[in-house]
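Here's the structure we're looking at; comments come further down.
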Amino acid sequence: MMVRTLELEGFRNYRSFSADFAPGVNVIYGENAQGKTNLLEAVRYLSGAPSHRARSEGELIGFDVPSARICAQLESRGRDFKVEVQLTRGRRRRMTSNGVRLKTAGELSERLHTVLFCPEDLMLIRAGSAERRRFLDQSLCQLRPRYAAALAEYNRLHEHKRRILRDWEEKPSLLDLLPEFNDRMARCGAILIHYRAHFIRKLAQFAAPIHAEFSGEREKMTLSYETVKTVEDPLIPTREIYPRLLEHQESHRRAELESRTCLSGPHKDDLLVSIDGRSAKQFASQGQTRTAALSLKLAERELHQEDMGEWPVLLLDDVLSELDQRRRDFVLRRIRGGQVFITCCEEEALDGLGEGRTFHIRAGALAD
Ligand SMILES: Nc1ncnc2c1ncn2[C@@H]1O[C@H](COP(=O)(O)OP(=O)(O)OP(=O)(O)O)[C@@H](O)[C@H]1O
């Protein structure tokens, strides 16, 4: 998969931008606050993944313009696509592929997969479980459209249930709605657990050898999935997960009403990372947690490659400057193959990366 060309109009600080990218490495360099991350964000957007920093789509539109346009020529599964997204304040976004209207972000993911690695990801292991769920969700939404649909529905139901539990004492009639919401959440939740379990099993297979090599064969990384307690084996079929979720909801009914919070369901899942059998979150050093986070991201990239038979586009946002020389060399060795976008502040910082192109960005435009 690759992004051949990209045009931006009114996207963040880009008024009008156009570039042809290399199939290999594309180095995006420039001083701080010039638009390097914004450029990666535009590419990421085209893969249907939610922005890692915008809370609403309106944030992506230039401060003083009414609309933004992202347009790209993509190559994917041996075919060419012209994908276009139009964002207008106060209106629904409009997306097309080769002129045909697309309805969901999932349809974008079918054409482009990206794996993003940014400095915040270096804290993935130490952060709260929400960050690791986000990591799972972003990757799975690109890989499996059915997962993306189930996640959107689950989040909607969860928000409703949250409000019911918050307000039931003032309005007891709301409790009549609870069984219906519980049932629908269990159905969607079973789908999420099923996909997450299979994803984590695969991710663990890729991450183990990467981490072993990365640590000079000194450390062993293992991953496990922590989900709703009644689902002892999350790899069982969805229809078997569903009754176990209902059972867990039932046993937590009282506690949910008393605490007025939703305590049961995969919205509390976690991805547990261990090094040599011990929880990395609790016991690993800062260096070890960084290495483990890198291993996870590189494993994610290889998993996408195996799943699709093509490399996803790798977006490395300002991450190399955060790494010591050894880790940096490891990443650069490991990312051969596929298209890569790397942002950095100095052009020479990435000497020796091999064939590719460099783009100097200044104030939301290509500098001469
Ligand atoms: N919606 C928007 N409209 C216009 N400008 C915006 C918008 N959103 C962000 N910006 C501006 O874009 C500029 C560039 O941001 P970006 O994060 O891409 O910088 P960067 O080159 O990656 O910098 P750094 O090296 O510091 O990470 C910032 O000054 C920011 O204020």
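Positions of Cβ are set from backbone N, Cα and C atoms, glycine also.
Going by TrEMBL, these are the annotated features:
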DOMAIN    3-350  domain 'RecF/RecN/SMC N-terminal'
BINDING   G30, E31, N32, A33, Q34, G35, K36, T37  ATP binding site
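Other residues of the chain with a Cβ within 8 Å of the Cβ centroid of G30, E31, N32, A33, Q34, G35, K36, T37, the ATP site, are T343, C345, I361. Counting only residues at least six positions away in the same chain, the Cβ atoms of C345, R362 sit under 8 Å from the Cβ of E31 (ATP binding site). For T37 (ATP binding site), other Cβ atoms within 10 Å of its Cβ number 20.
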